[in-house]
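Some notes on the structure that comes next.
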Amino acid sequence: MLPYNVRNAGGGSVGGILRRTGQGSGTGSTILGNGNSPGALGAGKVSSSLENHRQPPLELLVFGYACKIFRDDEKAREMDHGKQLIPWMGDVNLKIDRYDVRGALCELAPHEAPPGGYGNRLEYLSAEEQRAEQLCEEERYLFLYNNEEELRLRQEEDLKRLQQETSGGCFSQVGFQYDGQSAASTSIGGSSTATSQLSPNSEESELPFVLPYTLMMAPPLDMQLPETMKQHAIIEKTARFIATQGAQMEILIKAKQANNTQFDFLTQGGHLQPYYRHLLAAIKAAKFPPAPQTPLDQQNTDKEAPSADDHSEEVAGGRRNPNQVVITVPTIKYKPSANCAYTQLISKIKGVPLQAVLQEDESSNPGNSQHSGGTASPALSCRSEGHNSQGGEFTPVLLQYNGSTFTHEEESSNREQQDDNDVNGGEPPQVELLKNTSALALAQNYSSESEEEEDQVQPEKEEEKKPEPVLTFPVPKDSLRHIIDKTATYVIKNGRQFEETLRTKSVDRFSFLLPANEYYPYYLYKVTGDVDAASKEEKTRKAAAVAAALMSKKGLSFGGAAAAVSGSNLDKAPVSFSIRARDDQCPLQHTLPQEASDEETSSNAAGVEHVRPGMPDSVQRAIKQVETQLLARTAGQKGNITASPSCSSPQKEQRQAEERVKDKLAQIAREKLNGMISREKQLQLERKRKALAFLNQIKGEGAIVGSAVPVVGPNPPESAAGAATADSGDESGDSVRSIPITYFGPDDDDEVGEQRPEMRLIGSTQKDEEDDDEEDGGDLEKYNLLNDDSTNTFTSKPVLPPTAAPPPAAVLLSDDDDVQLVATTSTRSSSSRHLKTHRRSRSRSKNVRSSDSSPSSRESSRRRRQKSSRLSREPSSNPPRKSQHSSTQRKKTPKKRRRSKSRSRSKSIRRSRSISILRNNRRSRSRSPSCRNAEQRRQQDRRRTPTKKSHKRHKRRRRSSSP
């Protein structure tokens, strides 16, 4: 047994072969089941052939098991003799295999036919019923004998051929009549007359071939020509298509029409291949233009009418030949409502409200007989008989086509009668203007259900055509005229600036845009619609040139003159953009030449008067001088202009425009100068604020400024200049330079009753000065930056030389070996050192005030004052300055003096260490982290051991302090 899933997938198995059933399996099983009936075998063959034809082949699945086969000759011999068969139903003559399905049947008597055979099994029915049953049997088993799909396709093809034959020879699927079935039935009845009248192509296809008169290349004599005009038409159309589309399309058509005998001329062996090649070459050489298509009515009239004049008279009179083919075209009346999408679209396009559009439609189309906007429809169409007043329904109205125009079916007969009466009466026939139909006309011919149709038809109004103007300039050829017309259309839409763009883009192609071109007048005529536009523009151009020449003689610019000459064309002035700086507050110049109002002039004058008080005297004098020169020049021009009365008004406008421009330029110059001055003043004020803040900080710390010490020696030129600048700075108050400090506060360690003057001589070597300068050199950078006036470009007052010579210098000597020089005035660097030293002395004095009673504190204060005075000197490169200093010295005992010296030595050692640490820190900022670590280790080692320089300084002080 097979597995269950395999049996289900296969749909059953026979001998290990599984069969997948298809759609027709049911029918096949029915046939095989009824195999006992006569003719069942043949029916089975027919059904199998139909199944193979209709359905795809069945999918077969072969499935089996592997088994071993053993050779057993004895068993095979028994099988051949049929020893394995058993009798069926006890009949020894009929033996079956044990696997035979007939073994399941026990009794055959109910299933056997009677001894005489079956008679008519429908004998119990009446004759009509038996006839109906036979028809049902035929329909029931029709699929066994006939293919329904092929039969249905054959019927559809026959129906299409019948429709083509009855529709007048055209290939339209829908006829021009709503009652197409009745027309088809009538045409079937009289097919001979219908085909003769409605199928002219059939007659044309049978016409013999005549060489077309438009073919200017005659074919050779030995070339085989087509037999009929139909073959020629196919060849001609194919040749024209291939000539326009290319040779690739010929290959495609040849592949698609390989089985069509009408396209045998495309193959190499076709007998019409040379004629096709000849037509193709003539079309490519432009020697075979297409023939104009003549309407059918003209052909019929040419055949029947003896002369062309009679035919023209018939067409002009509107008469129709009774034998002429009439084609009826249905039209349905429609009138748009207010909420119609078409009406809303028209209102948006025209830019008018909906009510105006509806009124315009009603006024232009009162009887639905004529349409506005140039759209055409049949002239007398859609009378009220096509409209049903009960439910708003409408019926089609037929129009007759006589070859060139559409007319109403009933009115055509009436018009024929009227034409006959007119001819007999003597009135000349009037030509009726008819328009072509379009989709818009059909849309306007529909009538809405909400409104009733008007029955009265007003006669159409003849439009009066304006006479065409006479062109005095040359008209270009058709190709160039088309380009000029298109360019003029774009220029009208986009403006004359588009003309400038085209002129700069391509001069050769658009040469007609140049005024010197011969077709420029035609171009202007297309743009403006005026024939004399070119002459008018030429006159304007000449007037502008004359004005420019006059202005150049007077020494004026032509910008204002051109604007004055073209006063009527102010809209053509060029657009100018003024690019100015952010700080400049000057107004933009006017693009169009116009007079400035009184408010603007008053505001400008007020602004000028407001700006002037803050300006320096020299700048004000320069501005006044420029203004006087401008006024003198304009006055001279005014005299010259008044002397010439011929061109007074344009030159007056030019003069006024130039005056306004000059005033604005002067105002711009004043504002720029004022802006520069204001920026300098801002920088000055900022420096003042910084200096005042620094002074307030010094005053807040409790510094008391004393009177200056009188100078005892001659000042060098630098000191004298510094003093002069300080005095001038105090007088002007515009800027603060530097503040020299020569006094460091009162002596807190003075003892009452022990004051006595003491003269000392203090001497120092050059090494001490360098050390002191190096100590305080880096700490004074910030203050020097604050008091640096190198960026100040304005000096309020010049430096005055000293009036009186200073007294001779005096040197104060004391019991010490050092020499001390004190200067009343110094440069900016010395003053900064004074300030720094003053801060250090104040900090030290606060620490020492706690021990005022000890004599060592008094000695240390004296040492600090000496050190601060030494720091106030200039660097070693500058020459030394001498000054006079008077102070009170106190006598001390030798024991107290030694203590104070030892303390001062220890303090100086600590101070030198701290200064060296700070200096190394500054140097290590610009180094790498590894270098910084190495520098820190060196500084720690230096803190432990004093430097060699400090040892030398201690030795010198020890020797000087020893008695």
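Every residue, even glycine, has its Cβ placed from backbone N, Cα and C.
From Ser13, Ser719, Ser738, Ser914, the position flagged in Swiss-Prot as phosphoserine is Ser914. Just one residue in Ser199, Ser649, Ser928 has phosphoserine written against it in Swiss-Prot, and it is Ser649.
The candidates are Ser191, Ser448, Ser602; Swiss-Prot tags Ser448 with the feature phosphoserine. Looking at Ser450, Ser843, Ser853, Ser926, Swiss-Prot tags one of them with phosphoserine, and that residue is Ser450. According to Swiss-Prot, of the residues Ser438, Ser511, Ser438 is the one noted as phosphoserine. Cross-referencing Ser312, Ser404, Ser506, Ser912 with Swiss-Prot, the residue annotated as phosphoserine turns out to be Ser912. Among Ser185, Ser648, Ser735, Ser916, the residue that Swiss-Prot annotates as phosphoserine is Ser916.
Counting other Cβ atoms within 10 Å of each Cβ, the lowest count among the modified residues Ser912, Ser914, Ser916 belongs to Ser914. Taken as a whole, the repeat 'SURP motif 2' (483-523) shows an average pLDDT of 81 in this prediction. Mapped onto DSSP classes, the repeat 'SURP motif 1' (234-276) shows 32 helix, 0 strand, 11 coil. Across the repeat 'SURP motif 2' (483-523), DSSP helix (H, G, I), strand (E, B) and coil residues number 29 helix, 0 strand, 12 coil.
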